[in-house]
Structure formats: structure tokens, C-alpha cells
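Trainee: Taken from TrEMBL, the feature domain 'ATP-grasp fold succinyl-CoA synthetase-type' applies to 30-243. The ATP binding site annotation in TrEMBL covers Lys83, Gly90, Arg91, Gly92, Glu152. Annotation comment: TrEMBL describes Asn241, Asp255 as Mg(2+) binding site. Sequence annotations record features per position, and here TrEMBL assigns domain 'ATP-citrate synthase/succinyl-CoA ligase C-terminal' to 304-424. Residues or ranges marked as substrate binding site by TrEMBL: Asn306.
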Amino acid sequence: MFLHSFLKKSTKLVPKVSKLTTIPQNNIILHEYQVHNLFKEYKLPLLQAYRATHPEDAIKLAEQLERQKPRNNASQFTDFVVKAQVHAGGRGKGYFKESSLQGGVQFAHSPEEVGKIAEKMIGKTLITKQTGSRGRNVSSVMITERIFLRKEMYFSITLDRTRGGLCIICNEKGGVNIEEGDPKHIKTFFLEPGIEIPNETLNEIIAAYNLGSAFDQQLKNIVTSLYKCFIDNDATLLEINPLGLTIDNQIKLCDQKMNIDDNSSYRQPRLSQMEDITQKDWKEIEAQRYGLNYIALDGNIGCMVNGAGLAMATMDIIKQKNGMPANFLDCGGKADDTQVVEALKIMDNDPNVEAILVNIFAGITKCDIICLGLIKGMSLLGMKKPIILRLKGNNVEAAKEIIQNSGFNLIFTEDLDEAAEKAVKTAMIIRMAKEAKINLELTS
């Protein structure tokens with residue numbers, strides 16, 4: 001959550017263009033309990049924690065945590081923390097669709113209370129700022145000890161795509177509202193890829209936390225282990241918030257997040273198998289089966305485009321016309337008719353989609369192949385949703401002939417600006433007709 005806000009603020013020096021679409025990134029996102037288990041392999045200082053999939057298990061695991069309480073320890077915990085396991089940030093400020101429970105992170109004072117909270121979370125839908133209105137289903141909770149901290153700090157490693165390396169971000173102030181804090185506490189450190197952290201940089205990172213020399217060794221061990229974990233596992237993001245200093249002067253990782261580059265699946269098979277696909281939108285799962293790069297959004301104009309850059313430009317121009325894209329869909333440079341049919345099927349089955357804009361700039365892709373796929377898909381699906389088609393490039397004349405002889409009412413243009421305008425206005429008409437309970441059929 002903080003990292004997203006920080007990166008957004010860090011673009012202030014770039015000339016501002018309104019309503020630009022950010023680049024969608026497909027990553028293998030791990031649940032917090034999975035990251036916790038992975039961090040154990042690197043001997044990192046973690047809180048005691050267990051994962052429960054049923055309320056009854058949650059009670060038993062909380063009792064087990066109680067039995068493991070350290071004796072005569074100043075940071076000895078007396079309470080528990082119950083965390084909903086979802087692929088989204090902002091859990092603490094979220095809410096559950098089916099119950100009155102506010103927040104996906106709750107404190108409990110007894111194993112019985114842990115069970116009651118788990119019952120209100122497991123099987124329910126958590127909505128946060130990052131999930132959109134659809135929310136995410138909670139199939140398990142993570143139960144941890146609750147300890148009291150002298151200080152909350154922040155640490156993350158991410159990719160610096162602009163400079164082609166890694167970026168370590170430190171903040172001596174961590175916690176829930178970190179994005180609202182003073183930016184003067186934020187320190188960033190760029191690292192060239194493929195090297196160890198230089199000693200000078202490591203010392204600067206440690207100094208950024210202002211803890212004093214007594215904590216140097218603890219911090220060095222943590223930072224170098226986290227960096228190794230990031231590199232070993234082809235991560236794109238590793239985030240600790242808070243990195244906590246306990247009242248008995250131990251530094252602990254109290255909350256952890258990690259994303260893995262899905263392009264590394266072939267060399268990270270174990271992590272690939274850990275991915276919880278139930279956290280993905282069903283449309284994204286279906287698209288993945290057919291080699292389509294699909295990311296669901298909250299708008300009502302379906303988009304099918306060849307090439308990620310053109311897909312982003314298409315979404316931008318839709319927004320500039322006061323429309324909202326329902327998805328990012330890149331069918332790639334070698335799309336065949338099967339992929340086109342499946343892409344149409346996904347958008348046709350999406351109740352939010354009221355019009356579809358197909359934007360093809362054909363180089364390797366052939367316009368006529370795309371059109372044959374569209375015609376095949378419309379015929380098989382009996383599609384009623386209007387399709388606005390913008391074609392340019394390889395075999396466009398043959399494609400026009402296919403459209404004219406198809407018998408389907410595709411709205412055709414070679415101009416992207418015009419195509420976007422028609423898509424936005426068509427979707428608006430469909431939306432207004434639905435609200436007025438008028439049944440419309442496209443005739444031209």
C-alpha cells in the first residue's frame with residue numbers, strides 16, 4: 001500500500017498527462033502465510049504464526065500459540081492477531097461484504113475469540129481499496145502472536161524499471177498510515193542487478209533507521225537475508241511493514257508481502273504451484289489458459305488489442321473520451337482465430353461489458369485472421385453485444401471484404417479516435433437502455 005503511494009508520488013518530476021493507464025503487471029502473488037514459511041528458510045526473525053482454514057482449527061492453533069509463549073520475556077504476547085489471507089493490500093481498512101466485521105486484520109484476547117473472528121472471515125468476501133467492488137474471497141486466516149513494539153519501521157525491495165535495476169526503500173516510520181507520513185523519512189537506494197549490496201550502501205541503509213550501533217548486526221543480517229531471498233526467488237516486490245523493534249530490543253518482521261515474476265515460472269516451479277488462483281478473477285484464469293494477457297478492470301467497455309503498448313494507448317483514449325475500459329486484453333502478435341474466439345467469449349460472459357472495442361494494428365498479425373475469428377466467435381456465441389472494430393495494416397482489405405460478406409453488424413473504422421468515441425457512446429446508450437429497462441438490438 002505504501003509502496004504504491006510512494007511510487008505514485010515519485011513521478012512528480014515527470015510531465016503530467018491526465019488519465020494515463022498504468023502498465024498491468026502479471027505476477028505470482030503469494031499469501032502472507034506462504035511468504036512467512038519462505039522466510040523461515042532464510043532464518044529471518046519472524047513472529048510465531050499459523051494458518052487456519054476452519055474456525056475450529058483457528059481455536060486449536062491459537063491454543064498452540066499460547067502454549068508456546070516465551071516465559072520471563074519482556075515482549076511476551078498476551079493477545080492474538082487474526083489476518084484474512086487475500087491478494088490485496090489495505091486489509092486493515094477493508095470490510096466484509098457478508099457481515100458487519102470491519103477490517104481484515106483483527107485482535108483477539110483468547111483462542112475462543114480467535115475462532116469467532118475466523119468464522120466471520122473464512123468463506124466471506126473482503127473488500128479493500130485494492131480489490132475493487134468485487135472483493136476477494138477469504139479461504140484462510142493467519143493467526144499470529146501479538147507483540148508490543150517500541151518502534152515500527154518499513155523496508156521493501158522492488159524493481160526500478162526506469163534505471164534497470166533494484167530499489168531498496170527504507171523508512172524509519174512504518175505502520176498502517178505510513179503513506180500519510182513525512183516523506184523526509186523515506187530513503188531509497190538503487191542497486192545494479194546481479195551484485196551483492198555494497199558495504200557502503202548497506203551501512204547507509206542501516207543508518208536510515210536511526211537505531212544506533214547496537215542494532216547494526218541485527219539489521220545487517222535482516223537486510224542481506226531479505227535481499228538474498230528477493231534474488232533467489234525472482235521477486236518483483238518484497239515488502240515488510242512493519243519491521244518492528246520490540247520492547248526487549250529484538251527486530252522482528254511483523255507483516256510481509258512478496259510477488260514473484262511469472263516469467264520465471266520455469267525456474268521457480270515450487271512458487272508457481274503455490275499460487276492461489278482462486279484469488280484471480282475467473283476471466284483472468286480463462287484467458288491464461290489460451291495464452292491471452294488479460295487483467296480485469298471496473299469499466300464497461302471491453303477491449304481486445306494486439307500488443308501491450310497499443311492496449312494501453314487504447315485504454316487511455318477511451319478514458320479521454322470519458323469512457324471506462326472493462327479490461328486490459330493483449331492477444332499478442334501471433335493471435336489465431338481460437339484465441340480471438342476465446343477473448344470474445346470472456347467479454348461476452350462479463351456482465352459489466354456493454355460494448356467491445358477491437359483494435360488491431362497488424363504487422364505479424366493478419367487483419368483477415370482476426371476478422372475470421374471475430375465472425376466465428378459471434379456466430380458460435382450468438383453475440384448481442386455491439387463490437388466496434390478498428391483495423392489497420394496487414395491484409396486489411398481482405399478483412400473489409402470478410403466483414404461486408406459476414407452478415408454481422410460490426411461497426412468498422414480505420415481511425416482509433418473515431419473507434420474510441422463510438423465505443424464510449426455505444427456503451428453509454430446500452431447503459432441508459434438497461435437503466436430504463438428497454439431492450440435494444442444493434443441494427444447498424
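Using the three backbone atoms N, Cα and C, a Cβ is placed for every residue, glycine included.
Are these features on the surface or tucked inside, and what are their neighbours?
Mentor: Counting every protein chain shown, 17 other Cβ atoms lie within 10 Å of the Cβ of Gly90 (ATP binding site).
Neighbour density for Asn241 (Mg(2+) binding site): within 10 A of its CB lie 24 other CB atoms from the protein chains shown.
For the domain 'ATP-citrate synthase/succinyl-CoA ligase C-terminal' (304-424), residue counts in helix, strand and coil come to 58 helix, 25 strand, 38 coil, using DSSP.
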Trainee: Distance check, please: Cα of Glu152 (ATP binding site) against Cα of Asn241 (Mg(2+) binding site), rounded to an integer number of angstrom.
Mentor: 8
Trainee: What is the maximum Cα to Cα distance, in Å and rounded to a whole number, among the residues Lys83, Gly90, Arg91, Gly92, Glu152 annotated as binding ATP?
Mentor: 18
Trainee: DSSP secondary structure for Arg91 (ATP binding site), reduced to helix/strand/coil, please.
Mentor: helix
Trainee: Relative to the Cβ position of Asp255 (Mg(2+) binding site), how many further Cβ atoms are located within 10 Å?
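Mentor: The answer is 25 other Cβ atoms.
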Trainee: Compare the Cα of Asn306 (substrate binding site) against each of the binding-site residues Arg91, Gly92, Asp255 and report the nearest.
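Mentor: Nearest by Cα distance to Asn306 (substrate binding site): Arg91.
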Trainee: Enter the number of other CB atoms within 10 angstroms of the CB of Arg91 (ATP binding site).
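Mentor: Arg91 (ATP binding site): 23 neighbouring Cβ atoms within 10 Å.
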